[in-house]
Amino acid sequence: MTELPLSDESRALELRKILQRTSYEYYVLDAPTIEDSVYDALYRELQNLEATYPHLITPDSPTQRVGEKPTVQFVSVRHHIPLYSLDNAFTNGDVKNWQDRCQKGLDRSDFLDFLDFLDSVCELKIDGSAIALTYEQGLLVRGATRGDGTSGEDITPNIKTIRSIPLRLNLDNPPDRLEIRGEAFLPIAVFDEINQERSQQGEALFANPRNAAAGTLRQLDSRIVAKRRLDFFAYTIHIDREDFAKKNLPQISSQWEALEFLQTIGFRVNPNKQLCTSLQELQDYYDHWSTERLKLPYMTDGMVIKLDAFSVQEQLGFTQKTPRWAIAWKYPAEEMPTVIEAVTVQVGRTGTLTPVAELRPVLLAGTTVSRATLHNSDRLAELDLHVGDTAIVRKAGEIIPEVVRILPELRPYQAVRFVMPTHCPECGQPVIKPEDEAATRCVNGRCPAIVRGAIEHWVSRDALDINGIGEKLVRQLVVENHITSIADLYDLTSEKLQTLDRMGQKSADKIIAAIAQSKTKSWARVLYGLGIRHVGSVNAQNITDNFPNVELLAQASPEAIASIFGIGEEIAQSIYEWFRKEEHQILVQRLQSSGLQFVGEKKDSRAIAINPNIAGKTFVVTGTLPTLKRDEAKELIKSAGGKVTDSVSKKTNYLVVGEDAGSKLDKAQSLGVTCLSEAELLALINR
C-alpha cells in the first residue's frame, strides 16, 4: 500500500478539521464517533506539528481553546468556576517532565520544604461523565454537565436520582455556597444488565459504560435515569475560605484533606487513592492499577495526579484550558488506530473460516499487536473492509485483538475490498455459508486444519488431557501423514514418533504412555473431546449423566437430548446430526476398539443422598474455594440432586463464591442470585 505524503501545513489543516468535528460530537452532541485514545493520538500529532512549526498555529486550533457551546435540549447554565480539562501523560518520562515544569514554576523562596519532589495525590481516573454540583446552605440546588467547561446543561432532576450524591450536606453549619466536582458513572454489572434489556427490546446497544452514563444523564425523563442506577465519586471541592472561617469549618489546605472532608460531609470518594512522595511511588501506583483495575466493578482509563498543597496549586495556576498542577497518566490504550496491510483466513477445528487482519504493528494495552480477528463474512460486510484501510483495533476482554470499525475518511484511493474465499485456503475444497449462520465453513473432514484442530482439542486438559502433545507436534504428525484423525493417535508407536525431528526415545515413550493413560478417562471427557459443536465440558457431564453409554446417546432423538436440564435445542440438534454421519460412527467404533471409555461409571445408589435443599436447584461455582476444588464442589452438588451450569442467569439459584470471583459475582448480585461461601454450601448440603 502506498499513500501520498501530505505537507505539514495540509496535515495540520486536516487534523484541525477532524478534531473540531469530533470535539463537537463529543461535547455538544454527546454522540462521540471516535474513542478517547484515537482523539489523544491525533491531538498529540497536531501539538507536535505546532510545536515544531509555530507558524501553523491558528486561532481556531483545538489546542487553543476549551470547546463548543452545549445543546439546547436542557437549560444552559454558566459554571461559577470553570471545569478545566487535564493534560495527558503516557509515560514515566512525561510525568517527570510535568513535575520538573511545576518545580520551575514555583518561587522557591516560598516553598523551602519542596526539594526534589512535590507531594502528589493519585486517584483513579473514572471513565464516566464529569458533573458540577452546587450546594447553597447545605442543600443541593443544581447539578450540571461539564459542557464546554464554561457552561453546561442543568440536569438537576437527573442528578437527584443518583443515590451516592447527598441532597443535603452532612454539616450543622454549612457554608453559603459550595461547589463539588466529580464523576458520574455506570457500574459494569449495571451496564451489562441495561444492554441485555436493550437487546431484548430490539434497541441499539451502548458501546461502553461511559457512553451509557453520558446518554443517561441527558435523558429528559428522570424516571429512566433512576432505573439505570448511576453512581458517583467526588474528587474536587471549591471553598470560600472566609465563609469556612466564619462558619468554623476546617481550613482545608490540601487535596488529601479535601478528599477526607468530602467523605465527612456525605460524598462517596474513591477509596483507591494514595498520597505519593516520590516518582517511584507514582510509578508503583500506576503499575499496580494497570492490572488490578480489571477487577474493579467500574471502568477506569488511567490515574489523575494532583499536587497536594493548595498553596502550590494557587501559585502555579492554569493555562487557558488546563491546571498546571494536575495531569492524567493514561494506561496504554485499549483501542488504537492502525493500518490493515493484508487479510488472511484461518480454518478452525470445526471448519469455520475466520478472517484475520494483518496490521501495521501498534502498541495496545501494553503489548504490540500485529493481528486482529475479523470474526466472519457478515462482520466483513458490516465493516466494508478494504485492504489498506485505517481501522480502530481493541483487545476484546483484554486478550484477543479485534477490529472495531473502519475509518473510511482515511481510505487510500487504491484500497481493495476484501472478499471471503469460495474455497478453503487449507485444502482447496469449496466452502459453504448456511443462510442462518454468520460463519463460512469448510466441510471436508480430511482438511488438514480441521484434523489438526480436532486433535489439539482431543488432547487438551479438559478433554483427554494427554501431556506432551502440543500444537507443534500435532502439525508434524499431520504434515507427515502419521495421523488423519484422533483415532490414529492410538495406533502410534514409540518407533514411529522417533522418526520425527528432535524426538528421542525417552520423549516418545512418555507420549505413548500418556496416550495409553487417556484410555482411562471418563465417558464425559470422551464426549467433550469429540469436539461436537456447542458441547462444552459441563454440558458433556450433564449429557453423560443422562445417557450412560454412547449407544443410547447415538440413538436418542433431538427432543430426548433437549429434555436434559441446561441442554437447548441447538445443542441437541448438533449432537443428533453429529451421530448421523458415517465418518463419525466409524470414528466412535475405532475409539471403542482402542479401549476408550464410552460407558459411564455405575453409581452406588446408596452413596447418593438426594437433598431437598439442593434437588432441582441450579448452581454456578466460581473463584478459588478454601478447601474444595471447583470440580469437587460441582460433584457434591450433583450428587445431592442439584444442577451445575457454567454461566450465571436469571435461572441460577445459587452462586458458590471463592476468591477472585470476578464478573460472575457482579452479575449474580445484579440479578439477585443468592451467593454462598464454601462453608454455607456444605451446611446446605448437610442439612
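These residue numbers are counts, starting from 1, taken along the chain as shown.
Here the Cβ of each residue, glycine as well, is placed from N, Cα and C on the backbone.
Around Arg146 (NAD(+) binding site), taking its Cβ as the centre, 22 other Cβ atoms fall within 10 Å, counting all chains. Positions annotated as NAD(+) binding site by TrEMBL: Asp36, Ser37, Val38, Tyr39, Asp40, Ser85, Leu86, Glu123, Arg146, Glu183, Lys306, Lys330.
Annotation note: Lys125 (active site, N6-AMP-lysine intermediate) sits in a strand segment as assigned by DSSP. Positions annotated as active site, N6-AMP-lysine intermediate by TrEMBL: Lys125.
Taken from TrEMBL, the feature Zn(2+) binding site covers Cys424, Cys427, Cys447. Cys424 (Zn(2+) binding site) is surrounded by 23 other CB atoms, counting those within 10 A of its CB over all protein chains shown.
According to TrEMBL, the feature domain 'BRCT' maps to 609-687. Model confidence over the domain 'BRCT' (609-687) stands at 80, taken as the mean pLDDT rounded to a whole number.
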Determine, using Cα-Cα distances only, which of these recorded positions is closest to Arg146 (NAD(+) binding site): Lys125, Cys424, Cys447. Lys125
Neighbour count (Cβ, 10 Å) for Cys427 (Zn(2+) binding site): 17
Which one is it: of the recorded positions Lys125, Cys424, Cys427, Cys447, whose Cα lies the shortest distance from the Cα of Val38 (NAD(+) binding site)? Lys125
Residues other than Cys424, Cys427, Cys447 within 8 Å, Cβ to Cβ centroid, of the Zn(2+) site? Val347, Gly351, Pro425, Glu426, Gly428, Gln429, Cys442, Asn444, Arg446, Pro448, Ala449, Ile450
Rounded inter-Cα distance in Å - Leu86 (NAD(+) binding site), Cys447 (Zn(2+) binding site): 55
Could you measure between Asp36 (NAD(+) binding site) and Lys125 (active site, N6-AMP-lysine intermediate) for me? Cα positions, answer in whole angstrom. 13
